[in-house]
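To start, I am sharing the structure in question, which I have written as structure tokens.
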Amino acid sequence: MTPKARSGAACARSSTPGRARTREDAVAGVNNDTIVAVVTPPGRGGVGIVRVSGPAARELGGKLFLSRRPGFSGLKPYRLHHGILTDGTGRHLDDVLAAFIPGPGSYTGEDVLEFNCHGSPAILRAAVAACLSLGARHARPGEFTKRAFLAGRMDLSQAQAVAELVAADTTASSGLALARLEGLMARRAVELRSALEALRVQICLAVDFPEDEVECMPPDAFLESVREVMASIRVLIDAHGRAAPFREGAMAVLTGPVNAGKSSLLNALVGRERAIVCDVPGTTRDFLEEQLDLDGLPVRLVDTAGLRRTDDPVEREGVARCLELVRQCRAVVLVLDGAAPFDRSGLEELLGPVPLEASRVLAAINKADLPPAADGPASVLEGAGMESVSVSARTGQGLDELCARLRRRFLSGGAIPDSEPVPNDREKALLADALDELGALAADLEAGVPPDLLGVRLETACALLDGITGAITPQAVLDAIFDGFCIGK
């Protein structure tokens, strides 16, 4: 990079008032109070856990817990203590296990007290009420994790991963969330930011020491380094797209003529009698949804009304809803009767109302346990360029192959390796903005724009990457992220 006249703009930190707050700013604004919530799911269960976090946690434990052990001298850290939970006035509430974890080594970075109670909603309400009576307040949604973030126990990417892990439906989606919780995405963001910071140093040298014989990076090498960072960001954005089916789930619609065995196939795939099966045509009027785990991929499987012309207004509405779902979904499982005659006109009549690309259709030729029709659907589908698989909803033949092919439809971009960082929606938006800034920077470089102006673009890109870890994040964004958590996390 060739030194040029100094303007002083390149190395100045952005100082837009109110634009963002650092983690230290946010910590300074936290009330020094103690919070309490039930951290196990609502309803009855074997165990229910009440968590307290804040400066009064140890004091609350001393007032509410009575040990069953003779000579008890208080809650010792990192141990489970068996005893009685009281309401603070001496009335016994439950036989519990209590644990005290002092800060900063706890989940929140503060003193934390937990009561493992019996999972009665009445007991848990009474335990929370006892804590409230001694000065604690109800925790807001996500407040325990927000305090962990503000205390530096985790970065913002890891904090969001907590909510994603709680919401995960399959082992694959939980694996993606766990990798983020372990810091995989945050470390990649820090690496990219460090690469940009090294380039920013080069600009500072060019601007601050224009008359000195300071060796700067040649412009071509500088541009190549920018493009390398851009390529790395594109890889992350691509990973976001490929992980979408795991993160958001996918939808597949079972459609086809009446009595082809759609409901029987749904029941066979989910492993239980979910849909009514009857020889009478038009039994399914409305659509039924079931969740299917395709080797870690969460799929909404929808059984719909059989496609045919009908005068029945209820069945007509079912067919209309089916067609709307077919328009929306990414994969259509066309269920056909392999033991019945089928010709090209039948296929056109079925798919005529909704033009479908062959790539969206996976035909399941059902009733493979019966002798196939000489003029069945296989040759018609082959002529139309549609992939098909023979199955039997009755015997289970071909179901594994059907599921494997369906899974490949949703993962056309390839699976996500466990070692590959995957951004969430918020992080992907930040990466896209950073990519735009670097693209503009590359164009400016080629146009010969002065180094001090290039530094502004690098500064913006660095700030966007800081937003991934939460080093610099607008307070409104922090509030929106943690408000989306459940209470108790």
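The count begins at 1 with the first shown residue.
Keep in mind that glycine also has a Cβ here, set from the backbone N, Cα and C atoms.
Bear in mind that TrEMBL entries carry predicted annotations, made automatically and left uncurated.
Feature table excerpt (TrEMBL):
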BINDING   R51, E114, R153, K489  (6S)-5-formyl-5,6,7,8-tetrahydrofolate binding site
BINDING   259-264, 303-306, 366-369, 392-394  GTP binding site
BINDING   S263, T284  Mg(2+) binding site
DOMAIN    249-411  domain 'TrmE-type G'
REGION    1-23  region 'Disordered'
Of R51, R153, D303, A368, A393, which is closest to S263 (Mg(2+) binding site) if I measure between C-alpha atoms? They're all binding-site residues.
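Nearest in space to S263 (Mg(2+) binding site), counting only the binding-site residues, is D303.
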Among all chains shown, work out which of the binding-site residues R51, K489 has the most CB atoms within 10 A of its CB.
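Most Cβ neighbours within 10 Å: R51.
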Of all the Cα pairs drawn from R51, E114, R153, K489, the residues the record ties to (6S)-5-formyl-5,6,7,8-tetrahydrofolate, which distance is largest, in Å?
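The (6S)-5-formyl-5,6,7,8-tetrahydrofolate-binding residues span at most 19 Å between Cα atoms.
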Please report the distance from the Cα of A368 (GTP binding site) to the Cα of R153 ((6S)-5-formyl-5,6,7,8-tetrahydrofolate binding site), rounded to the nearest angstrom.
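Spelling it out, the Cα of A368 (GTP binding site) and the Cα of R153 ((6S)-5-formyl-5,6,7,8-tetrahydrofolate binding site) are 57 Å apart.
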Which residues of the same chain, at least 6 positions away in sequence, have a Cβ lying under 8 Å from the Cβ of R153 ((6S)-5-formyl-5,6,7,8-tetrahydrofolate binding site)?
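Within the chain, R153 ((6S)-5-formyl-5,6,7,8-tetrahydrofolate binding site) has Cβ neighbours under 8 Å at P104, Y107, T108, G109.
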Near E114 ((6S)-5-formyl-5,6,7,8-tetrahydrofolate binding site), how many other Cβ atoms are within 10 Å of its Cβ?
22
Of the binding-site residues R51, E114, K489, which one sits closest to K262 (GTP binding site) when you measure Cα to Cα?
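Comparing Cα positions, the candidate nearest K262 (GTP binding site) turns out to be K489.
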Relative to the Cα of E114 ((6S)-5-formyl-5,6,7,8-tetrahydrofolate binding site), which of the binding-site residues N259, D303, A393 has the closest Cα?
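Checking each of N259, D303, A393 against E114 ((6S)-5-formyl-5,6,7,8-tetrahydrofolate binding site), the shortest Cα distance is to D303.
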So what's the average pLDDT for the domain 'TrmE-type G' (249-411)?
77
What does DSSP call K262 (GTP binding site) in the simple three-state scheme?
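Its secondary structure by DSSP: helix.
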